[in-house]
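Trainee: OK, Swiss-Prot features for this one:
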{"type": "ACT_SITE", "residues": "His465", "note": "active site, proton acceptor"}
{"type": "BINDING", "residues": "4-33", "note": "FAD binding site"}
Amino acid sequence: MQADFVIIGSGSAGSALAYRLSEDGANSVVVLEFGGSDVGPFIQMPAALAWPMSMNRYNWGYLSEPEPNLNNRRITAPRGKVIGGSSSINGMVYVRGHSEDFDRWEELGAKGWAYADVLPYYKRMEHSHGGEEGWRGTDGPLHVQRGPVKNPLFHAFIEAGKQAGFEVTEDYNGSKQEGFGLMEQTTWRGRRWSAASAYLRPALKRPNVELVRCFARKIVIENGRATGVEIERGGRTEVVRANREVIVSASSFNSPKLLMLSGIGPAAHLQEMGIDVKADRPGVGQNLQDHMEFYFQQVSTKPVSLYSWLPWFWQGVAGAQWLFFKRGLGISNQFESCAFLRSAPGVKQPDIQYHFLPVAISYDGKAAAKSHGFQVHVGYNLSKSRGDVTLRSSDPKADPVIRFNYMSHPEDWEKFRHCVRLTREIFGQKAFDLYRGPEIQPGEKVRTDEEIDAFLREHLESAYHPCGTCKMGAKDDPMAVVDPETRVIGVDGLRVADSSIFPHITYGNLNAPSIMTGEKAADHILGKQPLARSNQEPWINPRWAVSDR
């Protein structure tokens, strides 16, 4: 089997690549995907988002190594093992990122990836329903919309932010990210709208695109050039040949793993694993970044939360409403209001993110208390902690070794303590007087730095946004893995295009910038002139130097 382009992975970036590389019919494309079908209610029903992430059928099920700053807990690190990749099992939250994120990328060596460069690609990919005119795309393949916003708690959260003196944004994916507002989701007509829905499924209708279900073992490199991918299917090993290029879009865990299995990575580590070194790139697997979060939970004194729908019977009712009529609670991920805030004066861009949920539940989906409640997922999104991904052995089937090294920087502790205290201030506003009951978590008695730190060590979890392990940068940067055109430095005919190439984590959920990366990488691969830079100026809080709001 052969094709002009062989793409490893059908996730957020891989699906976009398949769609764009095959668009004019001139190139043949093969997409390699180990995971199975994304058709089924657990994936397609937005409200069922917790199910696919917890099912081995759809999830690689990775765990970190014991994290020393989190009581040696092994942190769950899910990645999609299904058509559509993690876009088929994620929370469907749509956040482009802040303009400062991408300007920082360019400062770190990713020339041509500043905000003015990437904004046109966001517009190209979007079909925004109700976004800010002039800042949003309206005819792209990816449907983006707000939820029904019927629960009064969503509005109470936004009003509380206003009362606390914070900004309100009408569209955080438009000109102004900072503030409280309504959250956007990748859903359409009551269904999850994944990268597979938006990109891969339409691409597969073309005669020049083929999806191959298989396990990718390694990239074949001959005389310094990637010529194909060694795969395993049906108990046999074979090679899929690439006439032009191989593109790795396998996630921030599996992309560096594949490079290292293929002999591209830190030479000493590869030799330790018994792998012949094809290209000594010390940055492969390094620079691992992620967002962390905790749940801040409160009892609701009014029976307005989703608590009544948690019993199995009522979940069945909601499921039936969705299955037969595509209406009711099932059509939304239930994250329908949010906030993007700055942690202190002198911080130019938002660095704290809130997802508001009108129910108090634990990570396993069970009620956090035997009562109505509400919660926010709170995270400091610009952590300075860095981790790495390495090989466990030379066996392609072995899970990678994942060390996030969470909370290894003192500033992370300061910022997360602030998150706890700031959330108490927000929930203490008049807008919540009608609903506010006792604090469930962290708990009223958790007040001092030491008490908050103890809570964080036990309750911080990943927000499932790993990135950075195949860093994009200048060719003379020894830790860069790919150049600004996504070419692997030191190997011809090979690119990486997914969240692993982010030089620095973006502020917000990573599905949107991952898809954008696939969109932009496709133009580089095809040798097209990049889309014209935008001259639009995003809103920056004029008080940023002197106030946090």
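Any Cβ shown, glycine's included, is placed from N, Cα and C.
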Trainee: Roughly how many Å lie between the Cα atoms of Ser28 (FAD binding site) and His465 (active site, proton acceptor), rounded to a whole value?
Mentor: 31
Trainee: Check the DSSP secondary structure of Ile8 (FAD binding site), expressed as helix, strand or coil.
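Mentor: The residue in question, Ile8 (FAD binding site), is strand (DSSP, three-state).
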Trainee: According to DSSP, does Leu32 (FAD binding site) sit in a helix, a strand, or coil?
Mentor: strand
Trainee: Write out the long-range same-chain contacts of Arg20 (FAD binding site), meaning residues 6 or more apart in sequence whose Cβ is under 8 Å from its Cβ.
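Mentor: The list for Arg20 (FAD binding site) reads Gly518, Glu519, Ala522, Asp523, Leu526, given in order along the sequence.
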Trainee: For each of Asp4, Asp24, count the other CB atoms within 10 A of its CB; which of these binding-site residues has the top count?
Mentor: Asp4
Trainee: Using the alpha carbons only, what distance in Å do you get between Asp24 (FAD binding site) and His465 (active site, proton acceptor) once rounded?
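Mentor: Counting only the Cα atoms, the answer is 33 Å.
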Trainee: Comparing the binding-site residues Ile8, Ala16, Leu32, which residue's C-beta has the most other C-beta atoms within 10 angstroms in this structure?
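Mentor: Its Cβ has the most other Cβ atoms within 10 Å: Ala16.
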Trainee: Just how many other Cβ atoms lie inside 10 Å of the Cβ on Ser28 (FAD binding site)?
Mentor: 19
Trainee: Which residues does Ser12 (FAD binding site) neighbour through Cβ under 8 Å, counting only same-chain ones at least six apart?
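Mentor: Set apart from Ser12 (FAD binding site) by at least 6 residues yet with Cβ under 8 Å, we have Gly85, Ser86, Ser87, Ala195, Asp498, Ser499, Asn511, Ser514, Ile515, Gly518.
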